[in-house]
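Q: Attaching a single structure in structure tokens format; questions to follow.
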Amino acid sequence: MTNIRKTHPLMKILNNAFIDLPTPSNISSWWNFGSLLGLCLIMQILTGLFLAMHYTPDTSTAFSSVAHICRDVNYGWIIRYLHANGASMFFICLYTHIGRSLYYGSHTSQETWNIGVLLLLMVMATAFVGYVLPWGQMSFWGATVITNLLSAIPYIGNTLVEWIWGGFSVDKATLTRFFTFHFILPFIITALVAVHLLFLHETGSNNPTGIPSNMDTIPFHPYYTIKDILGALLLILTLLTVTLFTPDLLGDPDNYTPANPLNTPAHIKPEWYFLFAYTILRSIPNKLGGVLALLLSILILLFIPMLQTSKQRSMMFRPLSQLLFWTLIADFLILTWIGGQPVEHPYITVGQLASILYFLLILVLMPVASLIENKLLKW
């Protein structure tokens, strides 16, 4: 008798995606982050759903409703902090996933890569509107500052900002629509994840060598299901440790003060996962220039497949490119650090140099290094 998982229309799809999927036999733990991102998404949707049952998207009660969740709702505090720190874990996995794809040349699968970049943008949008919901000081001023950047667009800027706000300032209408977006976006992300996987399974997974592995594959289950479960356990352990011991480690103390339009916090800054882009924005003294650089700092990922000049897919056997890749990672960390510092000397200069290096590495140095490596290998 034929196995039901191979004949049933629905089971067949799941079987071909998670059970009998031919997978390269040599993929390392860096390939775990895709499944971890799926786990993060599920956790965020579930915790978010329970939070939405008790949250009220109204300027007069939003802050109190979050306090009510933490104080009065059964296990509300852990749901709230799992959701807040879950977002941080989500971005750690996202950035690692992107870094792995860059290192091993996964961006040569262009459709998968482009949908991945779109997913990154949507997760960033979701995190931004979500940060506004507790209606603390940093929520309010973060929303004001970031939405205000759109006013740099010539001709339509101011109208666009007022349209997004639903008035002449960040107020009740803004909070309501941000809650709506925060609720709907994760479901759109889930649909895009399915498309991301669809395109990935068209070509099959890449592997550390970057060489086609069609002749050396093993079934996904049980080998990689076990490996993914180990990764999932480590992720959950880390998340629970942070949530139970230092829940506010990655948050901002200013957000425990209710939003006050008459009092600006000393240092307005976003959550840690946006700090690298925030530094690039601050590094340019011109408003429109800063906004364009901010956009380009993320959209530059779309140009990476076009900048692939190496004849080898992976960086595994390319020491020069490896050096530049790790320089890029260090630069990303420096940008993140600078974003959390006040706008004063020497942070301004360091931020500007790190911003220049960021674009220089991706657009010039890495493609040139690849060409040099081609020459050295007489390719």
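Glycine is treated like the rest: Cβ placed from N, Cα and C.
The following feature annotations were taken from Swiss-Prot:
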{"type": "BINDING", "residues": "His83, His182", "note": "heme b b562 binding site"}
{"type": "BINDING", "residues": "His97, His196", "note": "heme b b566 binding site"}
{"type": "BINDING", "residues": "His201", "note": "ubiquinone binding site"}
{"type": "TRANSMEM", "residues": "33-53", "note": "transmembrane segment"}
{"type": "TRANSMEM", "residues": "77-98", "note": "transmembrane segment"}
{"type": "TRANSMEM", "residues": "113-133", "note": "transmembrane segment"}
{"type": "TRANSMEM", "residues": "178-198", "note": "transmembrane segment"}
{"type": "TRANSMEM", "residues": "226-246", "note": "transmembrane segment"}
{"type": "TRANSMEM", "residues": "288-308", "note": "transmembrane segment"}
{"type": "TRANSMEM", "residues": "320-340", "note": "transmembrane segment"}
{"type": "TRANSMEM", "residues": "347-367", "note": "transmembrane segment"}
Q: Against which stretches of its own chain does the transmembrane segment (226-246) lie, if we need a Cβ under 8 Å and a gap of at least six residues from its ends?
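A: Contacts of the transmembrane segment (226-246) (Cβ under 8 Å, skipping residues fewer than 6 from its ends): 29, 32-33, 35-36, 39-40, 43, 78, 81-82, 85-86, 88-89, 93.
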Q: Using the alpha carbons only, what distance in Å do you get between His201 (ubiquinone binding site) and His97 (heme b b566 binding site) once rounded?
A: 17
Q: Between His83 (heme b b562 binding site) and His196 (heme b b566 binding site), how far is it from one CA atom to the other, in Å?
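A: Pair distance, Cα basis, whole Å: 24 Å.
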Q: Taking the Cβ of His182 (heme b b562 binding site) as the centre, how many other Cβ atoms fall within a 10 Å radius?
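A: His182 (heme b b562 binding site): 21 neighbouring Cβ atoms within 10 Å.
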Q: Any chance the transmembrane segment (33-53) and the transmembrane segment (178-198) are in contact, meaning at least three CB pairs closer than 8 A with a sequence separation of 6+?
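A: Judged by the Cβ rule, the two regions touch, with the required three close pairs present.
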Q: What is the interatomic distance between the Cα atoms of His182 (heme b b562 binding site) and His196 (heme b b566 binding site), given in whole Å?
A: 21
Q: So of His97, His196, His201, which of the binding-site residues has the fewest other Cβ atoms within 10 Å around its own Cβ?
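A: Looking at the binding-site residues His97, His196, His201, the Cβ with the fewest others within 10 Å is that of His201.
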